[in-house]
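Swiss-Prot has this to say about the protein:
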type: BINDING; residues: T158, G179, D201, N244; note: S-adenosyl-L-methionine binding site
Amino acid sequence: MNKWQELTIEVNREVEEAASNILIESGSQGVTIDDSADYLENADRFGELYPEVEQVETVKITAYYPESADIEAITKQVNDRLDELTDFGLETGDIHLVTQELVEEDWAENWKKYYEPARITHDLTIVPSWTDYEASVGEKIIKLDPGMAFGTGTHPTTKMSLFALEQVLRGGETVIDVGTGSGVLSIASSLLGAKEIYAYDLDDVAVRVAQENIDMNPGMENIHVATGDLLKGVTQEADVIVANILADILIHLMEDAYRLVKDEGYLIMSGIISEKWDMVRELAEKAGFLLETHMVQGEWNACVFKKTDDISGVIGG
């Protein structure tokens, strides 16, 4: 029977997605996230009873590695990279790391219990890949393998990105998804009627994961995934560009985004902590975009900017 090594970290909730990505990039075969806020938000949602849980500001993220992995070296690497998140204005809080061994059958079942189908927007529901789920009339299903956890649709930044896509897509558009991660925004774009979607990520692991998730959703032949550094070298124009990445990275794509977005097209950005919002808005407007929608959930901000000369439908217009 195969054995696995388990690494659990406890960090502030605001770095949940970034920390999950760090664990995946360190070689983890999957992660689970234990967040007290999820118990409170989902209580009675699926007709289940949850234990009483006190909401705290931290989350526990558990990653799983093969028995052969050098867990001590991985722990040091993860700790160093978590420390670097403060350079992006993110507060990790006091970092706690714990390791232990477990057998494969324990992992195979344990991590799955954290995931249930989740209706994210009016139209879109995220369903774990192993779950049989019957959609209601008009409900659009996104099948994901949350074990790879590059944004499973439940994080506030991803939720707001999905709401924004619902807002702007009417059918027939070309979409560029920058920093695609799990591919969830590309899959959603296709379900919402986009004609062609081009998804890019700098990380080869994310590109592979995105393609695997896309392949488990039927009718996604219009999504094209490739390795790419933001929008560098991209010549394909788009009706919509969506980017759910950290603010300090978003600021480097503004000019390329304005170059590629068609007139009357949109730039959707998420992953912006509150203290970075003014900076992102200023640089987007300096590039030529006008703010149409601003969304806030907790410390996270998302926005829809439009490339237009008509100021009547924009904030401040």
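For all residues, glycine too, the Cβ spot is worked out from N, Cα and C.
Structural mapping of features recorded in Swiss-Prot.
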residue : record                               : Cβ neighbours (10 Å)
T158    : S-adenosyl-L-methionine binding site : 26
G179    : S-adenosyl-L-methionine binding site : 24
D201    : S-adenosyl-L-methionine binding site : 26
N244    : S-adenosyl-L-methionine binding site : 28
State, in Å as a whole number, the widest CA to CA span among the S-adenosyl-L-methionine-binding residues T158, G179, D201, N244 given in the record. 16
Should G179 (S-adenosyl-L-methionine binding site) be counted as helix, strand, or coil on the basis of DSSP? coil
